[in-house]
Amino acid sequence: MEFSTQTTASLHQIKTSALAVGVYADGLLSPAAELVDRAANAALRAVVKAEFRARPGSVLVLRNLPGVSAQRVVLVGLGKREEYSARVHAAAEQAFAAACVSAQLTEAVSTLAALDIPDTPLRARARTAAIAAGSATYHYDATFGKPDRDARPKLRKIVQVVERADTAQAQQGLREGAAIARGMELTRTLGNLPGNICTPTYLGDTAKKLAREFKSIKVEVLDRKQIEALGMGSFLSVARGSDEAPRFIVLRHPGTGAGTGAAAKKAKGEAAKTAAGPVVLVGKGITFDSGGISIKPAATMDEMKYDMCGAASVLGTFRALAELELPFEVVGLIAACENMPSGKANKPGDVVTSMSGQTIEILNTDAEGRLVLCDALTYAERFKPSAVIDIATLTGACVVALGGVNTGLFSKDDALADALLAAGRQSLDTAWRLPLDDAYQEQLKSNFADIANIGGPQAGAVTAACFLSRFTKAYPWAHLDIAGTAWKGGKDKGATGRPVPLLTQYLLDRA
Ligand code: BES
Ligand code: MN
Ligand code: ZN
């Protein structure tokens with residue numbers, strides 16, 4: 001998908017297959033709609049009055065409007081003027097792109113981002129527009145025998161009309177949004193791919209492919225032997241139950257000197273100021289979670305192919321930050337394996353030794369995410385990070401607590417937590433902070449090891465975070481539980497690409 005800007009005062013003369021203009025509830029036209037209406041001799045106003053209620057995200061397609069060059073004018077509902085928000089704007093952009101997709105159009109022009117909205121800078125609106133259009137045009141067809149060519153979106157290009165003075169702001173926002181959208185696309189496709197294709201090896205190969213595409217990214221993919229040499233006894237205990245080979249993936253995006261763009265050059269000075277150590281992103285990469293010996297029920301078990309969405313979000317975020325030539329160092333760590341029952345699998349009661357030296361009693365083999373993450377978190381220490389953020393589809397309890405609306409955020413570092421919450425709000429990819437009090441640590445006591453891997457039925461999302469906290473003493477740390485937000489079940493089953501917008505926005509805000 002390609003995004004660009006165009007400046008013009010004469011909207012009605014733009015030649016395009018579809019021109020989007022916003023309409024508020026109660027017949028209130030946006031400035032762009034007013035312009036088109038004037039050219040069309042008040043024909044637009046008449047239609048709105050008769051049959052368009054402008055509910056947020058609704059569309060009405062008008063063809064061959066007199067006096068207007070665009071083949072279609074798409075009226076996009078913006079709801080009540082006084083209730084307008086970034087979320088309404090995103091819904092409008094998404095609805096417009098979806099309408100273009102269903103009409104099989106290849107290009108379109110939108111005025112929606114440049115509408116006069118108080119309190120929302122154009123750069124943010126342009127970013128939102130690009131993310132929304134990218135989401136609307138996502139299409140999965142990797143595993144169909146005969147991909148449906150007609151179902152594949154043909155929409156390749158959306159031009160945003162802006163005032164001449166706004167062009168740079170809009171272009172920067174579109175550039176950021178497009179990078180985020182492409183990162184999300186990668187994350188979604190990796191999530192949607194079945195477990196027999198998207199294996200740990202496949203994730204490693206995807207990381208290598210990213211490094212070929214973006215020269216700034218350096219990748220190392222460690223195999224079972226190398227993981228053994230590191231002493232990752234906890235991670236390996238999970239991997240051992242499966243015939244599929246595990247992978248530990250290390251991605252690096254260097255601070256300065258990478259790329260030749262303006263961002264990289266500008267960074268030289270700033271990096272010296274903030275040379276504090278990289279941000280490390282750690283992803284849970286369970287390419288299929290059967291539960292192991294503590295096996296899961298059969299219903300919806302297929303959805304456990306999504307248990308690598310944390311890893312996929314690290315790869316998607318790397319794609320975005322490399323494209324944007326982010327001016328500081330970011331490290332990505334992915335612990336990837338399957339969780340399967342077998343003669344070699346972990347058994348309830350087994351005690352394993354983590355890379356940190358702490359021993360763990362495995363009371364439930366289905367609490368495997370924390371077992372692979374704890375060793376990745378210990379590995380992260382070597383980078384002397386300024387912040388470590390792990391991303392994991394960690395607990396069903398988090399889905400119970402927050403549903404599919406908010407990602408669960410855990411951190412003892414208020415500044416880091418606030419920055420992540422703000423990035424979530426800004427990118428419409430929100431998180432909600434949950435507690436991490438020491439009092440919950442009690443639940444992880446074991447009679448046979450330093451720590452148990454489950455904390456009982458109460459506060460399951462919190463005790464999972466508490467478990468991870470035991471391995472994160474060396475740096476500021478936050479944990480994102482994306483079990484409810486990384487994918488949707490039911491008839492719209494599919495990966496969402498979250499939290500790539502939150503993570504990329506957080507990194508952009510740091511830069
Ligand atoms: N991958 C699951 C978490 C999960 C479950 C995410 C359902 C989304 C939907 C994780 O490995 C898991 O099985 N967690 C257990 C932990 C329990 C055994 C303490 C859970 O949440 O049931
Ligand atoms: Mn599990
Ligand atoms: Zn899992």
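For all residues, glycine too, the Cβ spot is worked out from N, Cα and C.
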Checklist entry - Hey, TrEMBL has Mn(2+) 1 bound by D366, E368. Any idea which of D289, D302, D437, D438 it lists too? => result D289
Checklist entry - Where TrEMBL shows K284, D289, E368 binding Mn(2+) 2, which of D307, D375 is named for the same site? => result D307
Next on the checklist: Applying a 10 Å Cβ distance cut-off over all chains shown, what neighbour count does K296 (active site) have?
Outcome noted: 16
Checklist entry - What residues in the same chain, six or more past the boundaries of the domain 'Cytosol aminopeptidase' (364-371), come closer than 8 Å to it by Cβ-Cβ distance? => result 234-235, 237-238, 241, 284, 286, 289, 291-296, 307, 339, 341, 345-348, 352, 392-395, 453-454, 464, 467-468
Checklist entry - Of the recorded positions K296, D366, R370, which one sits closest to K284 (Mn(2+) 2 binding site) when you measure Cα to Cα? => result R370
Checklist outcome for this item: Simplified DSSP label at D307 (Mn(2+) 2 binding site) comes out helix
Item to check | Largest tally of Cβ atoms lying within 10 Å of a Cβ, found at which of the binding-site residues D289, D307, D366, E368 | outcome: E368
Checklist entry - Residues near the Mn(2+) 1 site, D289, D366, E368 excluded, by Cβ within 8 Å of the Cβ center? => result V238, I286, S290, G291, G292, S294, K296, M304, D307, N339, T365, A367, G369
Checklist entry - So which of D289, D366, E368, R370, listed as recorded positions, have a Cβ under 6 Å from an atom of ligand 2? => result D289, D366, E368
